[in-house]
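Student: As annotated in Swiss-Prot:
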{"type": "DOMAIN", "residues": "27-201", "note": "domain 'EngB-type G'"}
{"type": "BINDING", "residues": "35-42, 62-66, 80-83, 147-150, 180-182", "note": "GTP binding site"}
{"type": "BINDING", "residues": "S42, T64", "note": "Mg(2+) binding site"}
Amino acid sequence: MDTQTLNFNKVHFVTSAPDIRHLPNDGGVEIAFAGRSNAGKSSALNTLTKHKNLARTSKTPGRTQLINLFELEPGKRLVDLPGYGYAQVPLEMKLKWQKSLAEYLQRRESLKGLVILMDIRHPLKDTDMNMLEWSSHRELPVMLLLTKADKLSPGPRNNQVIKVRQAIADLGPQIQVEAFSSLNNIGVEKLAQTLSGWYLAGADEIADNDEQEQVEE
């Protein structure tokens, strides 16, 4: 049975936080967007939610320094994580972002899925592979979006998707690879369907855990 697609344009901003200690309670289901600072993360969030300015886009990569939290409905949240891998920021600031990102990924129990974005022309950089390997170790479902797919014609685009799928095949079946373009709406519906399924699965997992705790009591 097909999962009903959530209405992502009902999303609203909740808070921005420098680290997990400033986030709301760690309950419900969160799906986080992560990627290098020039991967088109903010544009993807804006396109998914049909909110032009939900996530701020900037011509200067590395401007997203905070964990930004948005809520679709009670218990279902989207998270815009700080961009990683941009060289032209002070080392102290870069280390602070890395610590904030690592803490969220390792300790946030409500994190149930991760969308990792990469420029289709330059995928699988070292920092991208670190994210994928960590996700595989945690057995977290991942949707790898190869962004700016409009920059390639259909043949090379499909070849690049196949090449990336083959390159990460050893990391496990929980990583889904798709072409994506905010400009041409390539892959937007598939993204919405996948995330809707993750929210449903996450909510079911929480319900099962609550049931188990009641039985044990």
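Yeah, the Cβs are placed from backbone N, Cα and C, and that goes for glycine too.
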Student: Using DSSP reduced to three states, classify G35 (GTP binding site) as helix, strand or coil.
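Tutor: Its secondary structure by DSSP: strand.
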Student: Could you state the whole-number distance in Å separating the C-alpha atoms of K148 (GTP binding site) and S42 (Mg(2+) binding site)?
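Tutor: Each residue's Cα considered, K148 (GTP binding site) and S42 (Mg(2+) binding site) end up 12 Å apart.
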Student: Using Cα coordinates, what distance in whole Å links F180 (GTP binding site) and S42 (Mg(2+) binding site)?
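Tutor: Rounded to a whole number, the Cα-Cα distance is 13 Å.
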Student: Here are some binding-site residues: N38, S42. Which one has the most Cβ atoms within 10 Å of its Cβ?
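Tutor: When each Cβ's neighbours within 10 Å are tallied, S42 tops the list.
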Student: Where does the mean pLDDT land for the domain 'EngB-type G' (27-201)?
Tutor: 90
Student: Fill in the CA-CA distance, L66 (GTP binding site) to S42 (Mg(2+) binding site), as an integer in Å.
Tutor: 13
Student: Can you check what DSSP calls P82 (GTP binding site), collapsed to helix, strand or coil?
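Tutor: In three-state terms, P82 (GTP binding site) counts as coil.
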Student: Under a criterion of Cβ-Cβ distance under 8 Å and sequence separation of at least 6, what residues of the same chain contact G35 (GTP binding site)?
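Tutor: Listed in sequence order: K41, G83, Y84, I116, L117, M118, D128, T147.
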